[in-house]
Amino acid sequence: MILMKDIVRDDQEGTVLRDYAAKVSFPLTEEEQQLAKDLMEYLEISQDEELAEKYGLRAGVGLAAPQVNVSKQMAAVLVPSDDEEDDTPIFKDVIINPVIISESVQMGALTEGEGCLSVDRDIAGYVPRHDRITLKYQDVQGETHKVRLKHYPAIVCQHEIDHLHGVLFYDHINKDNPFEAPEGTVFFG
C-alpha cells in the first residue's frame, strides 16, 4: 500500500520526478502490475474520508509512477462521480503510455488552481490546460483505448501526463501574473 511517505516531493533531491519517464512494454512484469494496482488503490482509499484519515492520506484523483520514484509512463486516474444518485466514476483507469492525440483550442482552468500530492505547499495561480482532449493509452492488459475527455477529467489527465514528462503544474502558471489566463479560458471547479 502506498502511503504519503512513499510519495516523492518536488523539493527532494535524487528523484525521477523531473525526468521524462520510460515507455512501458507489454506484457507488464509482475512489478508493473503491482505498481498499477498500488497507484489505483491509493486513489480509492484516499477518496474514502474514513480510510484516508486512518492512513493519513491526502485525497487525490491521479497518481503517476514518477510520484513514487518509478520512471515509467504509467498513472492511475480516478475522477469520482459528481452525481449524487450515481456513484460511477466519471473516469477510472490506469493509463499507460498515454498520448494526447487531439486537443481543443479552448482552454480550461480550475478556479481554485491545482494541487499535487508531490507538492506540500499551496501555489496560487491559474493552470491553463486544453478544455477538451482525445487521449490514447493502453490499459494494464495492453489494450489500446481512445477516449474524449472534457473539463475536469481532461485537466486531471493532462496533469498526470505532465508527471510522465517531468513537468509539474506550477510550471504552467504565469510567473508575472499568476491569475492571468488566456482569453476565453473556461473556469470551473
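Please read every residue number as a count from 1 along the shown chain.
Cβ coordinates are placed from backbone N, Cα and C, and glycine is handled just like the others.
Copied over from Swiss-Prot, here are the features:
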type	residues	note
ACT_SITE	Glu160	active site
BINDING	Cys116, His159, His163	Fe cation binding site
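Annotated features, which come from Swiss-Prot, shown on the structure.
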{"residue": "Cys116", "record": "Fe cation binding site", "CB count, 10 Å": "22"}
{"residue": "His159", "record": "Fe cation binding site", "CB count, 10 Å": "24"}
{"residue": "Glu160", "record": "active site", "CB count, 10 Å": "23"}
{"residue": "His163", "record": "Fe cation binding site", "CB count, 10 Å": "25"}
Listed in sequence order, residues not in Cys116, His159, His163 with Cβ within 8 Å of the centre of the Fe cation site Cβ atoms: Gly62, Ala64, Gln67, Glu114, Leu117, Ser118, Glu160, Asp162, Leu168, Phe169
